[in-house]
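Everything on this sheet refers to the single structure shown next.
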């Protein structure tokens, strides 16, 4: 067809291939438009790249400024800066500090491989147990680069994390650009991500949390997969995209212990699209192999961590590849035949997945992740549980349902409306096309000329559609996982605003669907939205960034100072997981337990140490603490007299129920619970009762903390060794 005629003709309802001019892809594919069009495309791409870099740097500067101004970080003493790394963040950062303090890189690595400080009376391999290769890599980089004279180690660390957030935004920008073929979509995605900061990131106050390291690589992986799945991509760009997918998947898996669950969801997306004929079989197999190779390489780097071999993701991918190899005639026949074969296929894959997973865990005697499955079982309401570990997760707000006020905030920034609109329309189209594919009327691979102009959804669009659906369901069920969803939501909503598909349907309904009108609407809508968001939210962002606060925690500073100066360097401390992580970072003392919960023996020890907040005999508590190797125990009033959680979710309530005791205060109790024969340990020990003072000596106290030293060598009389029923 003549080009001039085509540009004034009605658009056909085809969702598959780009048809107009500002394409990033057209340059990559080597298209040869006219000179003016070529310069216009180059200018458009250059402008888009500049704005992508600007967006990423702006977000990085924003979160850095918030972190600095909320804590007045540059004015803090070293111990205050380290205390600001709360809970598990402090534990991870301590290994970066440990590597830098080691005499050499080799000595530092040896200390991590043979660590006897993180868990007293045990020698563990930190590189095997935890995902801290980022701290190792960063410490080595700090030693090698000539930055030590003018940049403190802690700033080198936090600057790196904030720089990664720029990578995150740029990856979202590129993904939206690739889907919509307009860099305005990328700009809109980046702006939405930044102004929805409360729901898209928490990096400014949880710097070293594993997700802040891994999610930028996850976003890069999604961008690489999106590019890899684009139609009519030449072999070389395909290879480059596949390698980028592999590298980003590898770094994502290496930096977060929950990688297996995220990869499982991605594998389910690829599996669904393969069953519905949206992706070529060769590409499906290669994507599976990328995931398997990444997991196995991480398994090797983590000294053969059995938790990876026992992951559902690995079992699922192996099952899919095995069943696909033998079920060769899956995609033949009419609609009912295909549906029947598909049901059998799914059933075989699921049965084989759970069989392989069960046998793997039996052979390897793997129980590291059983607490996660107990939590999921309780979350789904599959029976009541008194399991301490499962209840510990269920009672945390972060592991509850996504709060409704999240949607209010997303509505205020106008991201939710286009997201839901695009989601609804594309899901309807996906179902319709799936039925066409299953009935044998359409094909996903090389299409004939007669079929080419039917309604068709590109595989990269279909992938991102199912991706956002599944991760949205995950976020709705568990609030902490919303950060996997909200960033992608911003990207997908921007694609909905700038993509041809939705506007083509709207203009088609109005019977004015021409190339010129479509292009005008696609550029006008995001431009108006960007202008509105700038004038409404830029003053608010400036106000947030300029708000000055100050870190203030004198009781914790006093405790850390006392431990560093008044206790032996070989002393072992027991207490809450959150506090002990800070003690290891600030003082280097050995711990009985810590927040990295992916080990069964550690979970059991933690429950025993937490008996200090239960109603147990002093002899029992003393015996449990000595068994864990503790020299000192720290009691926190905020836990002993907790009011943050309601009855049934306070730590003391969880311990009482796990011990078979009635909970404190008015309210219902299960009929089989009995009154505890002893008072609560954390309150009674402060009364200087002889039964307690002969076993524990108070050595430090302030408004928040009480530290007791365990007396050793006491011969307890048989009458004193009273055990509570459990």
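Even glycines carry a Cβ here, placed using N, Cα and C.
The structure displayed is predicted, hence computed values, not measured ones.
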For the feature transmembrane segment as recorded in TrEMBL, pick the matching range from 108-130, 131-153, 154-176. 154-176
Transmembrane segment per TrEMBL: which of the ranges 442-460, 461-479, 480-498 is that? 461-479
If TrEMBL is the reference, give me the range from 416-440, 516-540, 541-565, 566-590 marked as transmembrane segment. 416-440
What range among 208-227, 228-247, 308-327 does TrEMBL describe as transmembrane segment? 308-327
Pick from 87-107, 339-359, 360-380: which range does TrEMBL record as transmembrane segment? 339-359
How about long-range neighbours of the transmembrane segment (339-359): same chain, 6 or more residues beyond its ends, C-beta under 8 Å? 271, 275, 310, 312, 315-316, 318-320, 322-323, 327, 329-330, 333, 438
Hey, would you say the transmembrane segment (249-273) packs against the transmembrane segment (416-440), going by three or more CB pairs under 8 A that are 6+ residues apart? no
Distal contacts, the transmembrane segment (285-302) - CB-CB under 8 A, six or more residues away: 127-128, 131, 133, 225, 228, 242, 245-246, 249-250, 252-254, 259-260, 263, 266-267, 270, 308-309, 311, 313-314, 317-318, 320-321, 324
